[in-house]
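**Student:** Taken from TrEMBL, the feature signal peptide applies to 1-30. Annotation source TrEMBL lists domain 'Peptidase S8/S53' at 147-583. Feature annotation from TrEMBL assigns active site, charge relay system to Asp156, His218, Ser543. The region 'Disordered' annotation in TrEMBL covers 204-226. Summarising the annotation, TrEMBL assigns domain 'PA' to 377-462. Sequence annotations record features per position, and here TrEMBL assigns domain 'Subtilisin-like protease fibronectin type-III' to 657-759.
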Amino acid sequence: MESKKCVVLQMQIVYLLSLLFMSSLSLAAAEEQNGMQTYIVWVEKPVALGSSAQSHEDLESWYQTFLPESTIATSNQLSKPRIVHAYHNVATGFAAKLTPEEVKAMEKKPGFVSAHPEAILPLHTTHSPNFLGLNQGLGFWKGSNYGKGVIIGVLDTGVSPDHPSFSDAGVPPPPAKWKGKCEFNGRVCNNKLIGARNFNGISTGQPAGDPPLDQEGHGTHTSSTAAGNFVKGATVFGMVKGTAVGMAPYAHLAIYRVCSVAGCAEGDILAAMDAAVDDAVDVLSLSLGGFSRPFYSDGVAVGAFGAIQKGIFVSCSAGNSGPSYSTSSNEAPWILTVGASTIDRNIRATARLGNKKEYNGESLFQPNNFNSKIMLPLVDAGSLGNQTSAFCDPGTLKNVKGKIVLCERGGAGGRIDKGAEVKRAGGAAMILMNQRIDGFSTLADPHVLPTAHVSYDAGLKIKSYLKSTTKPTATILFKGTVIGDKHAPSVASFSSRGPSTASPGILKPDITGPGVSILATWPVSVDNATKSKATFNIISGTSMACPHLSGIAALLKGSHPDWSPAAIKSAIMTTADVHNLGGKSIVDQTLKGADLFAIGAGHVNPSKANDPGLVYDTQPNNYIQYLCGLNYTDKQIQIITQQTVDCSKIGAIPEAQLNYPSFSIIIGSNKKTRSQLYTRTVKNVGEANSTYKLDILAPHKVDVNVSPEVLKFTKVKQTITYRVKFVAQEGAGKDGVLFGKGYLRWVSDNHNVTSPIVVIFGS
């Protein structure tokens with residue numbers, strides 16, 4: 001009997017809900033038919049209530065007086081409240097469903113200020129997803145399902161697990177293959193943060209068992225960059241307000257703590273990579289690395305080779321030792337090596353001099369209480385003593401109270417440390433100028449006092465002004481977030497460069513991604529402005545660029561689960577952008593065209609990478625002949641491949657013969673190197689029936705001959721091999737030009753498959 005009553009009750013509930021649903025549809029239709037839309041209405045504060053003691057109820061009663069007396073009802077007289085939102089704290093006004101005629105009538109009422117139709121604003125992210133063409137609900141992001149089902153393993157300093165970036169809202173449970181574990185106590189892990197393990201210190205004899213909590217911040221930042229969930233209202237020091245989100249917001253994260261402030265032990269890194277393979281991750285992200293070493297003695301290279309054998313994509317940072325040549329880390333060809341470039345956002349701080357000249361710079365700290373209208377005495381720290389005072393090294397400044405101090409980069413202190421010295425000595429503000437080597441690359445740092453970080457060129461002009469007058473003055477204008485830099489992306493000065501030391505016949509870095517002034521999750525508040533757990537920080541480095549590419553690789557893995565790690569890398573490289581937003585070649589810190597040892601294949605374009613047309617695929621065993629060609633012994637190669645190798649039987653190939661998406665050609669003075677012949681094999685992953693025609697931009701004093709010049713495909717996954725011959729012209733390498741660059745492109749109606757060519761002219 002009770003069961004029968006329950007069924008009847010359920011039927012009644014369903015009937016009532018269906019009535020309400022149909023009524024809401026009828027109401028929406030009636031609103032649309034009557035020309036109604038949502039308006040934002042601003043009104044004056046009600047005088048009768050005074051300015052301080054206004055209850056929510058009193059305000060809402062006041063707002064109601066502006067509405068028309070009649071309401072729109074459906075045929076069954078169900079009505080819907082007109083006011084959608086009533087504002088109580090941040091504004092005086094409301095949002096309401098109104099017709100244009102009703103708004104016109106409202107304008108006559110006392111207290112009315114203005115009204116306008118509600119705007120539908122685009123999503124404002126931490127900006128790098130938007131800069132890369134990833135837009136919520138559209139295109140590649142939507143098509144790749146935001147990375148759902150893909151597991152990204154991050155080897156870093158751990159994670160701050162209770163941050164909203166690691167919420168699992170919208171994230172499905174991990175795939176059945178997942179075998180990892182969570183070492184946090186309680187229910188910290190979820191469908192987003194599916195695993196967390198601590199390997200840090202184990203190889204150096206420290207006790208195990210501590211949870212992988214991030215005490216440094218780096219790992220939390222990189223993890224959220226790769227796969228942080230959507231978090232509204234992200235900001236640092238009130239700047240770059242928007243929604244913070246990683247590259248693959250619905251991908252899963254597996255955290256492996258291998259680093260601390262003291263560094264990252266190679267043994268711990270290898271142990272974590274080993275565990276990650278067991279755990280069944282799809283992508284490994286490592287924002288760490290050391291100096292160049294042969295691959296067999298490089299733990300990251302060895303671990304990465306083991307990972308790709310299991311189909312795991314490995315992304316690593318190139319290092320922060322630029323702009324000098326041959327400074328790149330993580331050079332193995334089975335690793336995606338990522339350099340750092342800018343996005344089109346600046347957090348602007350402008351130095352204004354007494355001669356009214358202005359020089360744009362950057363600073364994350366933009367104080368409201370600094371009076372930019374007052375010109376303050378300006379002093380060059382280098383005029384206060386020796387060279388260490390020019391760098392504003394600790395304890396070097398005196399007689400700067402109330403002054404703006406010009407400090408130079410370099411010396412014993414970091415960028416923020418220099419400001420601390422100025423502040424200690426009583427200085428009012430700092431202008432930080434680049435060294436010559438850093439050129440026009442400036443950074444938005446959380447300085448401890450009002451600061452403008454300006455270019456080397458600007459610094460020289462400021463020094464010239466200081467010498468031109470007996471009473472130099474300056475101030476700093478804080479202009480906040482500025483978007484639209486046409487030079488972006490440009491390569492950061494700190495981003496490590498090739499040529500590769502371990503294997504100069506492979507072009508490194510492979511790609512560049514956003515790595516300058518990147519906002520992402522941070523364990524604590526850096527500005528002490530919030531008690532919320534939604535804390536963020538802006539930092540720079542190839543460490544920030546690497547997780548961008550790790551997240552993009554996860555999107556590609558989700559979109560193309562059958563692609564190998566090499567195919568994913570090829571798709572990223574051959575579709576990269578080589579022009580900036582201004583339509584000109586990507587530049588470096590000098591504002592001149594960046595060479596291929598800075599940008600690799602170019603700047604990542606995720607949407608194009610999802611549809612590359614052709615890929616240069618390479619299976620793990622294909623690397624063995626390449627390793628033999630590096631003159632490694634059989635035992636050394638066995639360290640990497642974990643299999644017995646006999647180079648005398650399988651043979652060796654030159655480095656440039658590896659089926660890689662780029663060419664790095666070394667031309668010396670002997671005849672053997674003046675003419676070189678290589679082959680490449682491409683696989684069709686685009687339309688079944690497609691034709692690609694050759695387009696060549698030959699490097700300086702080098703002829704490039706390709707056969708065939710047309711590739712015709714009749715089915716998907718079909719492969720075609722082509723031959724390319726590089727012939728040095730007379731005088732090549734003798735005119736002072738050290739490097740030449742060019743491109744080999746296969747162009748179809750829908751695709752442009754580009755391989756960069758770099759030529760190194762040797763002796």
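Any Cβ shown, glycine's included, is placed from N, Cα and C.
These numbers come from a predicted model, not from an experiment.
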**Student:** Counting each residue once, how many in the domain 'PA' (377-462) are helix, strand and coil under DSSP?
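**Tutor:** Counting residues by DSSP class gives 28 helix, 18 strand, 40 coil.
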**Student:** For the domain 'PA' (377-462), what's the mean pLDDT in this predicted model?
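**Tutor:** Taking every residue of the domain 'PA' (377-462) together, the mean pLDDT is 93.
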**Student:** Ser543 (active site, charge relay system) has how many other Cβ neighbours within 10 Å of its own Cβ?
**Tutor:** 28
**Student:** Would you mind reading off the Cα separation of Ser543 (active site, charge relay system) from Asp156 (active site, charge relay system), to the nearest angstrom?
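**Tutor:** The separation of the Cα atoms works out to 10 Å.
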**Student:** At the Cα level, what's the spacing in Å between His218 (active site, charge relay system) and Asp156 (active site, charge relay system), rounded?
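**Tutor:** Their Cα atoms are separated by 7 Å.
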**Student:** Let me check the 10 A CB neighbour count of His218 (active site, charge relay system). How many other CB atoms are there?
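**Tutor:** There are 23 such Cβ atoms around His218 (active site, charge relay system).
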**Student:** Please list residues from the chain of Asp156 (active site, charge relay system) whose Cβ is under 8 angstroms from its Cβ, counting only those at least six apart in sequence.
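**Tutor:** Looking at Cβ-Cβ distances below 8 Å from Asp156 (active site, charge relay system), excluding near sequence neighbours, one finds Asp214, His218, Gly219, Thr222, Ser223, Ile255, Tyr256, Arg257, Val258, Cys259, Ser285, Leu286, Ser287, Leu288.
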